[in-house]
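S.K.: From TrEMBL, for reference:
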- Asp10, His12, His44: divalent metal cation binding site (BINDING)
- Asp10, Val11, His12, His36, Ser37, Asp58, Ile59, Gly60, Thr134, Thr135, Ser136, Glu137, Phe141, Arg144: 4-CDP-2-C-methyl-D-erythritol 2-phosphate binding site (BINDING)
- 3-156: domain '2-C-methyl-D-erythritol 2,4-cyclodiphosphate synthase' (DOMAIN)
- 163-182: region 'Disordered' (REGION)
- His36: site 'Transition state stabilizer' (SITE)
- Thr135: site 'Transition state stabilizer' (SITE)
Amino acid sequence: MDIRTGNGFDVHRFGPGDGCWLCGVKVAHDRGLMGHSDADVGMHALTDAIYGALCEGDIGQHFPPSDPQWKGAESRIFLAHAMSRVAARGFTLTHADVTLICEFPKIGPHTVAMRQALAAITGVDAGRISVKATTSERLGFTGRGEGIAAMATATLVQTAPMQPVPIPPTPVAPTPPKPVQA
């Protein structure tokens, strides 16, 4: 049996707005999070954790911020894509753990809704998804209220024959031609 664990981390700074998307729930706040997409820092960290467990890179490789089609995109699209890769590779997400790191807004009153939102997107029972928060004791950028960080862990278990992912060959610089002796 193949059991894999992936970790994800993401950060977004505060900017103008009337709330933050966190783990699929809009949390009222006097500022929003800035980002190329909806800046759902928790969902981005979980998406990266899943890609990491699959050894399939990160969210930026699948949805480059340089690509205008993802401007303002809902992060549920990214997480749904990661879950489609889980299924295609013969795995099942068995557990997810997301930690939001911020001084504000207060996360506790919203964790049940966040777990339910993530469960709806992943197809995993909410009892297997953890969302919690901590502060950085007023240290660093999160402590100064400049933004929110998130970290996540995802556990995948192989439930079907694994489908390999081709790894592109490492580019090799061409060998210069040998000089001709006259």
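Placed from the backbone N, Cα and C atoms, the Cβ positions cover glycine too.
A quick note: this is a predicted structure, and the numbers were derived from the prediction, not measured.
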S.K.: List which of the recorded positions His36, Thr134, Thr135, Ser136, Phe141 have their Cα within 10 Å of the Cα of His44 (divalent metal cation binding site), in sequence order.
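M.R.: The recorded positions passing the 10 Å Cα test: none.
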S.K.: Where the record says Asp10, Val11, His12, His36, Ser37, Asp58, Ile59, Gly60, Thr134, Thr135, Ser136, Glu137, Phe141, Arg144 bind 4-CDP-2-C-methyl-D-erythritol 2-phosphate, what is the longest distance in Å from one Cα to another among those residues?
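M.R.: Maximum Cα-Cα distance: 30 Å.
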S.K.: Sequence gap of 6 or more, Cβ distance under 8 Å: name the residues on the same chain that satisfy this around Phe141 (4-CDP-2-C-methyl-D-erythritol 2-phosphate binding site), in order along the sequence.
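M.R.: In sequence order, the residues whose Cβ lies under 8 Å from that of Phe141 (4-CDP-2-C-methyl-D-erythritol 2-phosphate binding site) (at least 6 apart) are Val11, Arg13, Gly147, Ala149.
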S.K.: Which one is closest to His36 (site 'Transition state stabilizer') in space, judged by CA to CA distance, out of the binding-site residues Asp10, His12, Ile59, Thr134, Ser136?
M.R.: His12
S.K.: In whole Å, how far is Asp10 (divalent metal cation binding site) from Ser37 (4-CDP-2-C-methyl-D-erythritol 2-phosphate binding site) when you measure between their Cα atoms?
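M.R.: One finds 13 Å between the Cα atoms of these residues.
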S.K.: Using the alpha carbons only, what distance in Å do you get between Ser136 (4-CDP-2-C-methyl-D-erythritol 2-phosphate binding site) and His12 (divalent metal cation binding site) once rounded?
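M.R.: Cα to Cα, Ser136 (4-CDP-2-C-methyl-D-erythritol 2-phosphate binding site) and His12 (divalent metal cation binding site) are separated by 15 Å.
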S.K.: Report, as a single number, how many Cβ atoms besides its own are within 10 Å of the Cβ of Asp10 (divalent metal cation binding site).
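M.R.: That number is 24.
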S.K.: To the nearest whole angstrom, state the Cα distance for the pair Asp10 (divalent metal cation binding site) and Ile59 (4-CDP-2-C-methyl-D-erythritol 2-phosphate binding site).
M.R.: 10
S.K.: With an 8 Å cut-off on Cβ-Cβ distance and a minimum sequence separation of at least 6, pull the same-chain contacts of His12 (divalent metal cation binding site), or say none.
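M.R.: When sequence neighbours closer than 6 are ignored, His12 (divalent metal cation binding site) has Leu33, Met34, Gly35, Ala39, Val41, His44, Gly147, Ile148 within Cβ distance under 8 Å.
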S.K.: Would you mind checking how many other C-beta atoms are within 10 angstroms of the C-beta on Thr134 (4-CDP-2-C-methyl-D-erythritol 2-phosphate binding site)?
M.R.: 13
S.K.: Over the domain '2-C-methyl-D-erythritol 2,4-cyclodiphosphate synthase' (3-156), what is the model's mean pLDDT?
M.R.: 97
S.K.: Would you count the other C-beta atoms found within 10 angstroms of the C-beta of Thr135 (site 'Transition state stabilizer') for me?
M.R.: 14
